[in-house]
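Summarising the annotation, TrEMBL assigns Zn(2+) 1 binding site to B:Cys59, B:Cys62, B:Cys69, B:His72. Feature annotation from TrEMBL assigns Zn(2+) 2 binding site to B:Cys99, B:Cys102, B:Cys146, B:Cys149. The Mg(2+) binding site annotation in TrEMBL covers B:Asp524, B:Asp526, B:Asp528. Under the heading domain 'RNA polymerase N-terminal', TrEMBL lists B:274-578. The region 'Disordered' annotation in TrEMBL covers B:942-974.
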Amino acid sequence: MVDVSQHKLVPEHTLVDEEAVDEVLQEYNVERTNLPKIKRKDPAVPDEAESGDVVRIVRDSRTTDQAVVYRLVIE
Amino acid sequence: MQTPKEIGGIRFGLMDPETYRDMSATKVITADTYDDDGYPIDMGLMDPRLGVIDPGLECRTCGQHSGSCNGHFGHIELAAPVIHVGFTKLIRRLLRSTCRQCGRLALTDDEQAEFRSRMQRAEELSEDWSDVMKAAVRQARKAKRCPHCNEPQHDIKHEKPTTYYEVQDVLSGEYSELIAEAMQPDEEEDREGMAPQELAEKTDIDLQRVNQILSGEFRPRKEDRKAIEKALSIDLTVEDMNKLMPSDIRDWFEDIPNDDMETLGIDSERARPEWMILTVLPVPPVTARPSITLDNGQRSEDDLTHKLVDIIRINQRFMENREAGAPQLIIEDLWELLQYHVTTFIDNEISGTPPARHRSGRPLKTLSQRLKGKEGRFRGSLSGKRVNFSARTVISPDPTLSLNEVGVPDRVASEMTQTMNVTERNIEEAQQYVRNGPESHPGANYVKRPDGRRLKVTEKNCEELAEKVELGWEVNRHLVDGDIVIFNRQPSLHRMSIMAHEVVVMPYKTFRLNTVVCPPYNADFDGDEMNMHALQNEEARAEARVLMRVQEQILSPRFGENIIGAIQDHISGTYLLTHENPHFTETQALDLLRATRVDELPEPDGEEDGKAYWTGHSIFSELLPDDLSLEFSSSTGDDVLIEDGQLLGGTIDEDAVGAFGGEIVDTITKVYSETRARIFVNEISSLAMRAIMHFGFSIGIDDESIPEEAGEQVDEAIENAYERIEELIDTYDAGELESLPGRTVDETLEMKIMQTLGKARDSAGEIADDHFGDDNPAVIMARSGARGSMLNLTQMAGCVGQQAVRGERINRGYEDRTLSHYKPNDLSAEAHGFVENSYRGGLTPREFFFHAMGGREGLVDTAVRTSKSGYLQRRLINALSELETQYDGTVRDTSGTIVQFEFGEDGTSPVKVSSSKDNDIDVDSIADRVMDAEFDDEATRQQFLGREEPPTNLSEHAEPRLSDARAPEVESDD
Ligand SMILES: [Mg+2]
Ligand SMILES: [Zn+2]
Ligand SMILES: [Zn+2]
């Protein structure tokens, strides 16, 4: 199997621990379910992620160097 | 503004028949509408309790008159239940997923629990719950027997639109004949016979039993039947269809428990499934289906009323027949008819059902047709309305206007009004408007007194009324110069399709606009019409002026560069002015600049024959900001150098001042201001028009002709290509052509021929090009980027070239040839649409035909593209319309779900950011510019930068210490 996370076009996906999730939710003043979603079966999602977890995705950006996005893992 | 009613929330659900009866003002029992005296009949379709439409009559329910009474619903008691067409799919799903005996959902408790939690999750994640419902139905349908009462379940067949059957496979009545026939030997089908003994062995059934079955004395049970079917490979079953009447379905649905409905995502509080079968039909109020009185005094009823008449008539016949004890067949026919009328009352465009028609043959417009589609209630009446204070007329150009302005015909200006609140500062002005009356231009149409009375200003009363105008009144005055209005051209595909302009009132009947705003509107003057909207409150006017004015839209968010700039002759004009840098006398120079702010010429560039002269470059430089420095290459091909507001070299053409990214316009907009850019574009277009008029610029057929020897050279080039193609065809025919990798020999030949012909056209073009002078107007337009290309020119003068359909040479028409003029399988250039003549020389009839084929493809493509992209646009807008950038920078939809954590992932506006990678933002120079503008003296500037502490007298200890004072400057890392 190809490990897509090693591909240069796949941005970094990391699992966010609960404490940090709360901080993110507080910062944006949202419920967990109001985050963008990502399927658990998505090959870019870390293997240990379960549905209900939140992943942080860090993309390269021409204008801001890095763009950070949080997504809720769903079934 | 006043809100008639405030909406707290909207809930969708089914309505309980009891609620229909409760809200009904009256039961409707007669199909008649009016009696002979023209009065509405009691308990008829026009019963005065349903509301009134005739003025003077009083509503018998609320006592109000027509206009203030909104109308009231009535109801019809249906003689038999009928299915509501809007819910046929849901009815089918429920029939398939619930038990025919006990009504429970055919899922085990575990399955139910799972689907419930999936439903809950879908709701939490605001996903589509109907997917879960569909999955649950699919699962329940699999059950052969009800998990609760063990009743075997039947398949449900749905015959559109409203008929349902229970389907069961049962043993055919002719089973013995079928078996016997299959046991006979048949030579045609190459089948050997089978003896009863053999059959008994194969199927494991007693021989005696087999004989009984064969004689028809015994009906085989299911297992035996299947064994026989398998042994003889025949089908012994027939489908037994048992029609489910609406009353059966209603009884079935009444048994479905509330809890089971929840698993399917249906809230039984608001939607009991049996309510999908109508027993009571609500009758819409009279006000929703008003009758009209025709000129001849006859009444013409609304389509809905016609349909209701049908329903009541059939309903009555149904009841009469049932009471008279009519045979079941007749009752069923009437039931079906009632179903048809109720169905078409709700929706008259059901596939498979003939639409109910008017006497004239026109299909009736019933409930669903009132709502659906472009002209329906939602898209036609609610999202889109006809608007007041708007005008539409043909547009025409006026180069004397500023790009911010629009010329408004006086008759439009005196129809559209602006509200003036009369204060002590404008009372005289307001009185003068009223005094002028409604017909002479800066006048007024209405005044409004503080008590709310509106008075029309007429030619007769205007003098008198003007004297009465006092503080606190409102005057609706005509549009005058300087008012701000919104201007729009359809299709409104991007935000620059709607911009705010300042009014200039003008004679005649067209809207006038400066030609430089044609690109954003995509307008031309071949009959285009545009819309104007007069703004009606101060807030709107302020917003329009600050955000929507044309000069604020110079930069396009699509590509981050200017979309407004010089076009067409403006570009030819600046090219003529700067390309060869001609000399002008004082008179000429002043004439060129007469429409600009410049009224004093700079020092002359030199002297010629004792007269001072000015160059094109220095005249152009007069329009530039004094400190502008730029360097770029022009589309003409030379390098443009501007230093401190002086054009030192190069040609000013499309790349410098054009719309769609002209370098100078773009820089001025970004570096100076929108206002400076507006002035620049206005002045450039005026200067360019003066320049092109100074030199004179025209084009005629002789400008595309080339000398005879050039024509011969072109012919020779084409002749050479023909020869090479002949050689290619010969090699191909000899089977010696080598195919290119990945292509067949045929494709290779085709490609090589295309290549050769392409080259021939190009060399013809080059030959033609060589013979055009640099002063040829077509060449000037092509080089400067004003209009047309060198390709257009060579097609006019040299050779038109290969015509293509679907990217290939023309290959269609007759069998093995394109036209009957050619031999079959002729591969030559001329037989496949190569046009060797030029447009100027003229095409042969066959060339013309091929050319028309290629041209047609282009036309069809454009037509298809516009309709496709229009639909795509609508879908995109619908999908994105509820997304909004919040104050915290996130983009969210209406439910608060985050779509982007930062607008565009970087939080920047496309018009404020550099558009290309190699044209990066020069942060240092921007910072320097800001600092220069902000701080006059070096000391405060250094203090702001933190390199120098401000002097303080608070305490000696607060002063910078010696050691800090000499601290080396920290290098910033960018
Ligand atoms: Mg047009
Ligand atoms: Zn009423
Ligand atoms: Zn059951």
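Each residue, glycine too, has its Cβ placed from N, Cα and C.
Just so you know, TrEMBL annotations are computer predictions that nobody has curated.
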Filtered by Cβ distance under 6 Å to ligand 3, the binding-site residues B:Cys59, B:Cys62, B:His72, B:Cys102, B:Cys146, B:Asp528 reduce to B:Cys102, B:Cys146
Whole-number Å distance separating the Cα atoms of B:His72 (Zn(2+) 1 binding site) and B:Cys102 (Zn(2+) 2 binding site) is 40
Neighbouring CB atoms within 10 angstroms of the CB of B:Asp524 (Mg(2+) binding site), all protein chains considered, total 11
When the binding-site residues B:Cys59, B:Cys69, B:Cys99, B:Cys102, B:Cys149 are compared by other Cβ atoms within 10 Å, fewest goes to B:Cys149
For B:Cys62 (Zn(2+) 1 binding site), the number of neighbouring Cβ atoms whose distance to its own Cβ is within 10 Å equals 16
Looking only at the binding-site residues B:Cys102, B:Cys146, B:Asp528, B:Cys69 (Zn(2+) 1 binding site) has its closest CA neighbour at B:Asp528
Averaged over the domain 'RNA polymerase N-terminal' (B:274-578), the pLDDT of the predicted model comes to 90
Among the binding-site residues B:Cys62, B:Cys99, B:Cys102, B:Cys149, B:Asp524, the ones with a Cβ under 6 Å from any atom of ligand 1 are B:Asp524
Checking the binding-site residues B:Cys59, B:Cys62, B:Cys99, B:Asp526 against ligand 2, those whose Cβ falls under 6 Å of one of its atoms come out as B:Cys59, B:Cys62
With neighbours defined as other CB atoms within 10 A, the best-packed of the binding-site residues B:Asp526, B:Asp528 is B:Asp528
Quick note, B:Cys146 (Zn(2+) 2 binding site): same-chain residues at least 6 apart with CB under 8 Å of its CB -> B:Cys99, B:Arg100, B:Gln101, B:Cys102, B:Arg104, B:Ala106, B:Pro152, B:Gln153
Rounded Cα distance in angstrom between B:Cys149 (Zn(2+) 2 binding site) and B:Cys62 (Zn(2+) 1 binding site) is 53
